[in-house]
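Read the structure below first, then the notes.
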Amino acid sequence: MSYGGGYGGGGRGGGNGYGNGDSSYGRGNSYSNGYSNGGSNGYSGGGGGGYGGGRGGGGGGGNVNGYSGGGGGGYGGGGGYGGGGAGGDRMNNLGANLQKQNWDLSTMPKFEKSFYKEDPVVAARSEEDVAKFRAQHNIAVQGPNIPKPVETFDEAGFPAYVMTEVKAQGFPAPTPIQSQGWPMALSGRDVVGIAETGSGKTLTYCLPAIVHINAQPLLAPGDGPIVLVLAPTRELAVQIQQEITKFGKSSRIRNTCVYGGVPKGGQIRDLAKGVEVCIATPGRLIDMIESGKTNLRRVTYLVLDEADRMLDMGFEPQIRKILGQIRPDRQTCMWSATWPKEVRALASDYLNEFIQVNIGSLELSANHRITQIVEVVSEFEKRDKMTKHLEKIMEDKDNKILIFTGTKRVADDITRFLRQDGWPALSIHGDKQQNERDWVLNEFKTGKSPIMVATDVASRGIDVRNITHVFNYDYPNNSEDYIHRIGRTGRAGQKGTAITLFTTDNQKQARDLVNVLTEAKQVIDPRLAEMTRYGGGGGGRGYGGRGYGGGRGRGGGGNFSSSNAAPLGGGRRW
């Protein structure tokens, strides 16, 4: 990390955290009354702009995934008098101090991981009955000796202390992923589960985890967790914690949630007291292990939730480092909405003779309960189109709408615009402080602020019931992100609506989008269909695609960011 010498040093490079350069960290010399904030341009961050269009360079940006900070700019935007050295390489260096584990399983204590006892009613079902049930519920399985699915909660054979909590929730029957996933996970085998967001997969691994914990020896002082759940975002990690807290209450199972963006103190105290379950994002967990605050020697049940999203976000090196700290005979459950080659490779490397359950086709497809409306517009029409849709949607005061933008800057700009126009909108993205993100999510969940603006980083971690509409102000980089975005609505058997503004800038994605719409039997705008003739073949997974950047640095002062603190305009619209 270098501060840039000479005539106008650059700001500190990006990379101290996920894709965020520091805001105005090293401001150059006395010219700097307006030096732009340093990086924080998301996944593919460029350096912050310099004073007067380039005098005195801005902070260095991240590389393609925002992990390696670029050098600070020099006088005259980088050439000139002594540009800064290379920026921090924090994320890629994470785990460099982890001790290599040499596992001699013959000297390690044995542990129980097979708990499934097939109910006589399930055992009596013929293969024909089982095949019919799987076909009705779009369940496909792969692998040898896969247990039959269960059709009721009682058939799953959970102990009474688990069943009490399940029945208290009032669920009518297991979801398809639970029907097949519970017997698989309870059998102690490594499992891959592919299912859409909102399919009930969290409970599919939570309940077997509770059974697993209760069969293990009690934690001794200094022991790390027995169950480790890795998740891509803070919001998803908190959601998982809520489920584990709810269903582990009667067993007095302790848990903690370990993620960045908040002070470490409370997390360190939880780990020191001892927790049976740790839900974590990869970066903060490695930090805790490297600093000796916890260890993974006791982990015998590992969950990788939303594995595809973690890889999309560039966490693969960190995941591999973490998995190297866990005994290889553990039970591993990997859950994903999609099954691309990168996820397949990870499963092949770290899961042992796994069995697999897929809900629906392995071809990426949208939830058919969601009505998809795609409008071809010009860039300057977007705000007007959005306002017109909002006026119609918010005629029903119970509606909730989640608006997606491509960058943090646009998210903040749109939020200010809507608030000044009288709409109760709030925004959430990676540059917001954790307490602000929590507050925004709560305002949205409770309906106090029924309009939330978000970037893709937040898209997977947001679990809010009864989102009636998703609005894509900016189209994402690829059709996978599109499907994940619109999957925020139409959950748990409900219907939903997704409205997307599509411009000529998105033309390369037209063919992929039309394929998604066609598969879901949606109406296709003729102008969109016309684009497919000229637009090329689409962008695939887009690992090195256009950065989500553009947002300003976090900036000091105040409890909440300026966009969320913008006053509502006089003509309240809701």
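Start at 1 and count along the chain as shown; that gives each residue its number.
Cβ atoms here come from the backbone N, Cα and C positions, even for glycine.
From the options 24-52, 53-81, 546-574, the stretch Swiss-Prot describes as region 'Disordered' is 546-574. Checking the ranges 122-150, 151-179, 180-208, 325-353 against Swiss-Prot, the motif 'Q motif' annotation falls on 151-179. Swiss-Prot assigns the feature motif 'DEAD box' to one of the listed ranges (101-104, 305-308, 389-392, 489-492), namely 305-308.
A helical conformation is recorded for K201 (ATP binding site) in the three-state DSSP classification.
Residues near T202 (ATP binding site) in space but far in sequence (CB under 8 A, at least 6 apart, same chain), listed by position: Q239, I240, E243, D305. Sequence-distant contacts of the motif 'DEAD box' (305-308), counting only residues of its own chain at least 6 positions beyond either end whose CB sits under 8 Å from a CB of the stretch, comprise 201-202, 205, 229-232, 236, 240, 334-340, 342-343, 346-347, 460, 480. Reduced to three states, the DSSP call for E196 (ATP binding site) is coil. The ATP site is set by A195, E196, T197, G198, S199, G200, K201, T202; from the centre of their CB atoms, other residues of the chain with a CB within 8 Å are T175, I177, A337, I359. Neighbour density at the Cβ, taken as the number of other Cβ atoms within 10 Å, is lowest among the binding-site residues G198, G200 for G200. Counted with DSSP, the domain 'Helicase C-terminal' (385-532) comes out as 69 helix, 23 strand, 56 coil.
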